[in-house]
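Visitor: This is the structure, below, for whatever I ask next.
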Amino acid sequence: MEEDLFQLRQLPVVKFRRTGESARSEDDAASGEHDIQIEGVRVGLEAIELDDGAAVPKEFANPTDDTFMVEDAVEAIGFGRFQWKLSVLTGLAWMADAMEMMILSILAPQLHCEWRLPSWQVALLTSVVFIGMMSSSTLWGNISDQYGRKTGLKISVLWTLYYGILSAFAPVYSWILVLRGLVGFGIGGVPQSVTLYAEFLPMKARAKCILLIEVFWAIGTVFEVLLAVFVMPSLGWRWLLLLSAAPLLLFAVLCFWLPESARYDVLSGNQEKAIATLKRIATENGAPMPLGKLIISRQEDRGKMRDLFTPHFRWTTLLLWFIWFSNAFSYYGLVLLTTELFQAGDVCSISSRKKAVEAKCSLACEYLSKEDYMDLLWTTLSEFPGVLVTLWVIDRLGRKKTMALCFIIFSLCSLLLFICIGRNVLTLLLFIARAFISGGFQAAYVYTPEVYPTATRALGLGTCSGMARVGALITPFIAQVMLESSVYLTLAVYSGCCLLAGVASCFLPIETKGRALQESSHREWGQEMVGRGTNSAGVPRSDSGSQE
């Protein structure tokens, strides 16, 4: 086979339109046409078998034909009305996720008093949600890769809506424990909205738009606190659970408009559906479709865990798992630490305060006051500066450096908490730390869907989300249990963990800034041919992504 390929020695210069990932680098010439000297004797391309056993697609038999891939169409159509609608719709799912998470800090103390629950049962009510999320994240990613992004997202949202509403009618503790665990199981699939959303975005708008739906997370947390301020004193926690499901209900009503990812359709061989979706986007945006024939990527197994550990992605997967673990571990740890630090006034007062306080009955409780809700509100508002900072730097520094910057600044703020400082400085440090650790989360949500190919994108994001839930499960034992014995050791654990995450971000093999979304885990055969020609004839080659 190699002899056949390299016998192409005496053919004249041909001109063809470059397609696929190699044509979509930001540094490519605008024309997209290149002269390549091919020498040798023509052979029948349709019958050639590549080294990996993949037949050459017939679409490439005549290289002068106009062809395009989904990425080319998305770039040509651009950002418009369709993407704005999609932003709002996927943002609703993200907002609902934030509200279901924020309600944990409101529901737990209420049930602690109303049902006279011991402290360990209150803690279990929070932990069971994270257990559900951790156990389902990989499953939802697999479903989205196997059966479609739209299918996985719709099922997870409807699942969460159903059990979220049932939670409001739970008669006893055991019922609400099971139902909230099932809610957590459904929430584990909501991050797949990022996968679907990213696959419809042109390259230059992708980072900003993914950060845009992260704003919906911040809006959801603020809205949940405001809702609790007005609902809890008069109507109670059952009505709060019902009203908190409103964004999910709205999504369920509007999801009939949601299209399936054209990238997924192409990868699964549904060319007609992919073209129909692209034409629909072009019509809504008032933009023309690219001329030519849509190239169907070679079909391959989707949603296989082993694909995350191929030589090309093994190191990336392991580093991302640690980064996501550290992110959630530190984010939720800071949320828990904030209450303790505010109550004590500063770090130096915590140990003495805990020694002075007599042991209390585990059934003793206090309902949240309006002042408590306002403190929660001010804390959640720190999410917005994190979005703004990440939005400003992510396309300037790149994804890897942005994550590293956020983790390192959080680590420094944690170390500064060792100093005996006043409440005002304490508040400032906590807000800066919260802003940057949330910014690290946002940057990770941009990077992860970009680095994996379409065949494993949902699974990759799902497994990373699952590792984040492991961090969220562990962090109460550090922020609450370890804090009882040593506040300095607790702060050192969070600071050290994020410092290591910053180093891990720098060691990620691939920088995705200015890089097109990869359609397949294998190179397109056209790229393979150009690569071989480069080695033998010195023709320059454009990579679709940079590796450092």
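The chain as shown is numbered from 1 upward.
From the backbone N, Cα and C atoms, a Cβ is placed for every residue, glycine too.
OK, Swiss-Prot features for this one:
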- 1-87: topological domain 'Cytoplasmic' (TOPO_DOM)
- SER25: phosphoserine (MOD_RES)
- SER31: phosphoserine (MOD_RES)
- 88-108: transmembrane segment (TRANSMEM)
- 109-122: topological domain 'Vesicular' (TOPO_DOM)
- 123-143: transmembrane segment (TRANSMEM)
- 144-156: topological domain 'Cytoplasmic' (TOPO_DOM)
- 157-177: transmembrane segment (TRANSMEM)
- 181-201: transmembrane segment (TRANSMEM)
- 202-209: topological domain 'Cytoplasmic' (TOPO_DOM)
- 210-230: transmembrane segment (TRANSMEM)
- 231-238: topological domain 'Vesicular' (TOPO_DOM)
- 239-259: transmembrane segment (TRANSMEM)
- 260-316: topological domain 'Cytoplasmic' (TOPO_DOM)
- 317-337: transmembrane segment (TRANSMEM)
- 338-373: topological domain 'Vesicular' (TOPO_DOM)
- 374-394: transmembrane segment (TRANSMEM)
- 395-401: topological domain 'Cytoplasmic' (TOPO_DOM)
- 402-422: transmembrane segment (TRANSMEM)
- 425-445: transmembrane segment (TRANSMEM)
- 446-457: topological domain 'Cytoplasmic' (TOPO_DOM)
- 458-478: transmembrane segment (TRANSMEM)
- 479-489: topological domain 'Vesicular' (TOPO_DOM)
- 490-510: transmembrane segment (TRANSMEM)
- 511-548: topological domain 'Cytoplasmic' (TOPO_DOM)
- 521-548: region 'Disordered' (REGION)
- 533-548: compositional bias 'Polar residues' (COMPBIAS)
- SER542: phosphoserine (MOD_RES)
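Just tell me what is around each of these and how deep it sits.
Guide: Sequence-distant neighbours of the transmembrane segment (88-108) (same chain, 6+ residues past either end, Cβ-Cβ under 8 Å): 122-123, 125-126, 129, 153, 157, 160, 164, 183, 187, 190-191, 193-194, 196-197, 212-221, 223-225, 228, 232, 237, 240-241, 244-245, 247-248, 250-251, 254-255, 257-258, 335, 368, 376, 380.
Note on the topological domain 'Vesicular' (109-122): its mean pLDDT in the predicted model is 79.
A Cβ distance under 8 Å defines the sequence-distant neighbours of the topological domain 'Cytoplasmic' (144-156), meaning residues of its chain 6+ beyond its ends; these are 93, 136, 186-190, 192-193, 195-196, 199, 252, 255, 258-261, 264, 268, 302-303, 455-459, 462.
Packing against the transmembrane segment (157-177) from elsewhere in the chain are residues 93, 96, 100, 111, 115, 117, 121, 124-125, 128, 183, 185-187, 189-190, 238-239, 241-242, 244-245, 248-249, 251-252, 255: each is 6 or more residues past its ends and has a CB under 8 Å from a CB in it.
Same-chain neighbours of the transmembrane segment (210-230): 87, 90-92, 94-99, 101-103, 106, 193-194, 197-198, 201, 240, 243-244, 247, 368, 370, 373, 376-377, 380-381, 383-384, 387, 390-391, 394, 438, 441-442, 445-446, 449, counting only residues six or more beyond its ends whose CB sits under 8 Å from a CB of the stretch.
Tertiary neighbourhood of the topological domain 'Vesicular' (231-238): same-chain residues 106-107, 110-111, 114, 168-169, 368, selected by CB-CB distance under 8 Å and a gap of 6+ residues from either end.
Residues 85-86, 89, 92-93, 95-96, 99-100, 103, 106-107, 150, 153-154, 157-158, 160-161, 164-165, 167-168, 196, 220, 224, 227-228, 231-232, 277, 280-281 of the same chain lie 6+ residues outside the transmembrane segment (239-259) yet bring a C-beta within less than 8 angstroms of a C-beta in it.
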Visitor: Is the transmembrane segment (374-394) packed against any residues at least 6 beyond its ends, judged by a Cβ distance under 8 Å, and which are they?
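Guide: For the transmembrane segment (374-394), the far contacts come to 102, 105-106, 207-208, 211, 214-215, 217-218, 221-222, 225-226, 229, 335, 338, 342, 401-402, 405-406, 430-431, 434-439, 442-443, 446, 513.
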Visitor: Within this structure, do the transmembrane segment (458-478) and the transmembrane segment (181-201) have 3 or more Cβ pairs under 8 angstroms, counting pairs 6 or more apart in sequence?
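Guide: As far as Cβ distances go (cut-off 8 Å, pairs 6 or more apart), the transmembrane segment (181-201) and the transmembrane segment (458-478) touch.
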Visitor: Apart from its near flanks, which chain residues at least 6 from the ends of the topological domain 'Cytoplasmic' (395-401) lie with a Cβ under 8 angstroms of it?
Guide: 207-208, 443, 446-447, 450, 505-506, 508, 511-513, 548
